[in-house]
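Notes follow once the structure below has been shown.
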C-alpha cells in the first residue's frame, strides 16, 4: 500500500442484533420507549375487550381512563412489554443463537394480529366449559409460537413469562385489586397463562425485529462513512 494512503474502515460487524458499544445505551432506550408505548396501546385495547365482555371487573373507585381501565394497567403492561422485548434479543445474543426465522415486519404484524385474535377468542367465544376453552387457547398459543418463532429460547421465555405473570395476577386478585368472573384456576381463569404466553412471544418478536432494524441502520451508516 502506498505511503499516505489509509485503508477505509469496513462496516461494523454487528450480526443480526446491535453490538455497537458507543450507541448501545441510546438504542436500548429508543427500543424500550417504542416497546413501552406498544404495550400500553395493546393493554388499553385488549383490556377494553375483556371489560366489555365482563371477564375482568375493576372496583368503581379505580376506573380512571378513557378506555374504562384501571390507571395502573397500561403502564405496567408497557413496562413488561419493554422488558420482554429487550430480553428476547439479549438472550438470543448470549446464547449465540440469533433468531432468523421470518425476520420481516409483515410477519411481526401478522403475529400481533393472531395475538389479538387469541385474546378476542378468550372473551368472545363461548365453550361448554372452561377446560375446552383453555385447551383451545393453549393450542392456538403454541401454534403462534410455531408459526412466528420456533426457537427454544422463545418457547422457554414464553413459559417463564406465563408462569410469572399468572403468579403476579393471582396475588393482585387475592388482594382485591380486581377480580375475574367465574374463576376456575384459583383466583383467575385457567386460560390466562395461554394469553401471557402468546403475549410474550408477540412482544419478543417485536423486540427482535426492532433490534435487527436498528442494526441494519447502523451497518448502512458505517458503510456510507
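Backbone N, Cα and C atoms are what each Cβ position is placed from, and that goes for glycine too.
Per TrEMBL, the features are as follows:
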TRANSMEM  28-49  transmembrane segment
TRANSMEM  69-88  transmembrane segment
TRANSMEM  131-148  transmembrane segment
TRANSMEM  155-174  transmembrane segment
TRANSMEM  186-206  transmembrane segment
Contact call for the transmembrane segment (155-174) against the transmembrane segment (69-88), three or more Cβ pairs under 8 Å: yes
Annotated stretches the transmembrane segment (69-88) and the transmembrane segment (28-49) touching (3 or more Cβ pairs under 8 Å): yes
